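First the structure, in the form of structure tokens, and then the observations on it.
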């Protein structure tokens, strides 16, 4: 199935969890995840299954004002 | 450059926000410095009470360029204040704040809800309800807002224990554009007030501290100075000087000259 990760389309297996996608994109900690603009705490990354067309955001610390 | 001046410390007059005490009344942004080393030196030199940070999508040029930022943050060991910069809707703000809380392991959030991309003016109509939602979710909210009295009062009403009105639009360095409104805010609101955004010179920071503001938050004025480390020192000194002046009680300005040297017994005195 197709999901959008940080605005880039990715093909992932049906039933993929957030952890599976994080592994696929080689996400570097620390990061936080949102699915379809909803925050998903890390305690749920292993169990949260993505669906076709889901938009996943993986964000990390940067400088800020 | 000459040796930097030491920043005076006054442990009997700390900045207290939401019941927590901070080492300095200067809050410093971490963006736009020439290098991480300059940022680190500026932070060391000015000893800010908090430093502001943000979040961006992993894998972008911004985050790749700052891949060592996390290590630097841990090394600097200054309390962090994540912001919601770039958010244009309450939903974006709330999700970003929740993500920031997890990444930075802090309940503090600088609430930015932008209503206009050109001026970066806050969306004041939706700011209050967004602040209320965050507070109910356990955040310690420092809202970036305009200097409007009623807006700031409403932010206090929904539970903001500190408010951060702008001096001028972000990054302009123009200094306080509306001293009347800022002084009015200080007179009317009893919570800590920190001036956020628009400061360009240490004298700007000193002025607002003289007016009774509890702190300042700035970034660009330091980061884009020719010598950011020296400018960080200058701002820290100016914040301290302004605070001391406020606590000291300034004399009232007079319309006519008043001799400071006694005139009695003056030789060659002529009274016309």
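The backbone N, Cα and C atoms fix where each Cβ goes, and this holds for glycine too.
Annotated features in TrEMBL:
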- B:17-262: domain 'Thiazole synthase ThiG' (DOMAIN)
- B:110: active site, schiff-base intermediate with DXP (ACT_SITE)
- B:171, B:197, B:198, B:219, B:220: 1-deoxy-D-xylulose 5-phosphate binding site (BINDING)
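Binding residues for 1-deoxy-D-xylulose 5-phosphate (B:171, B:197, B:198, B:219, B:220) extend across at most 9 Å, taking the greatest CA-CA distance. Distance from the CA of the residue listed as 'active site, schiff-base intermediate with DXP' to the CA of residue B:171 (1-deoxy-D-xylulose 5-phosphate binding site) is 16 Å. Residues within less than 8 Å, Cβ to Cβ, of the residue listed as 'active site, schiff-base intermediate with DXP' and separated from it by at least 6 positions along the same chain comprise B:52, B:81, B:82, B:83, B:84, B:142, B:143, B:144, B:164, B:196, B:217.
Cβ neighbour count within 10 Å across all protein chains ranks B:219 highest among the binding-site residues B:219, B:220.
Proximity to chain A, defined as a C-beta distance under 8 Å, is registered for the following binding-site residues out of B:198, B:219, B:220: B:219, B:220. Its own atom aside, the Cβ of residue B:198 (1-deoxy-D-xylulose 5-phosphate binding site) has 23 Cβ atoms within 10 angstroms in the protein chains shown. Counting every protein chain shown, the number of other Cβ atoms lying within 10 Å of the Cβ of residue B:171 (1-deoxy-D-xylulose 5-phosphate binding site) is 19.
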